[in-house]
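One structure is given here, and the rest of the page talks about it.
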Amino acid sequence: MKQEKTPSAITENKLPFSSSNCGCGCHNDDDTLTHDDGLLTDNLESAVYTMLQNVGEDPQREGLLKTPERVARSMRFLTKGYHENPEELLQKALFTESYDEMVLVRDIDLFSMCEHHMLPFFGKAHVAYIPDGKIVGLSKLARVVEVFSRRLQVQERLTQQIRDAIQNVLNPKGVAVVIEAKHLCMVMRGVEKLNSITTTSAMSGVFMTSPSTRGEFLRLIQK
């Protein structure tokens, strides 16, 4: 009789993380594990194994044998923002500059997970600031979006966190952030509205106090 592999046996017998190619490209993830990462991954694998059983699946069938490992690895990637400090990223790329007009990086691709259902939401972020003696490397604005996105989120908080990190480090005359995203928790379940888009904004400084500055930003992101 074939012995069923229990969640604890997954940890004992699983392959190292250099692992197999499942054909979807997930084997290209960063597979370097610390001891703590390994323990976390083992716990995630056991949880996924149990979930598969609870939804009525057989975790031992061929197509699911490596699913706990793959899901655990995916979760490590999708939540890696918990282990990064966005303000430190900004601090590393600050430059003194007299430029005092708007700096806008628009259409930054964004992928995150709703903390209520752990389903993805994705879309675009538009980030602008008006310098006050300091500018930052443009890629760091996109990196700030990425770090906060790679956490369990609600879009409203995500928008504010991006604004606040930039405001805290650069101390500019103002920051503006708009996020437009589609939430799969509204598409795959619940109201099942396929074409719904959620838009959130967070402003500070002159983007709050000057209607013309705010209006310029909103016009630019709609082009």
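Glycine is treated like the rest: Cβ placed from N, Cα and C.
Residues or ranges marked as Zn(2+) binding site by Swiss-Prot: C114, H117, C185.
On the structure: features taken from Swiss-Prot.
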{"residue": "C114", "record": "Zn(2+) binding site", "Cβ within 10 Å": "18"}
{"residue": "H117", "record": "Zn(2+) binding site", "Cβ within 10 Å": "15"}
{"residue": "C185", "record": "Zn(2+) binding site", "Cβ within 10 Å": "16"}
Within 8 Å of the centroid of the Cβ atoms of C114, H117, C185, which other residues of that chain place their own Cβ, given that this set defines the recorded Zn(2+) site?
-> M113, E115, H116, M118, L119, F121, H183, L184, M186, R189
Quick one: what's DSSP say for C185 (Zn(2+) binding site), helix, strand or coil?
-> helix
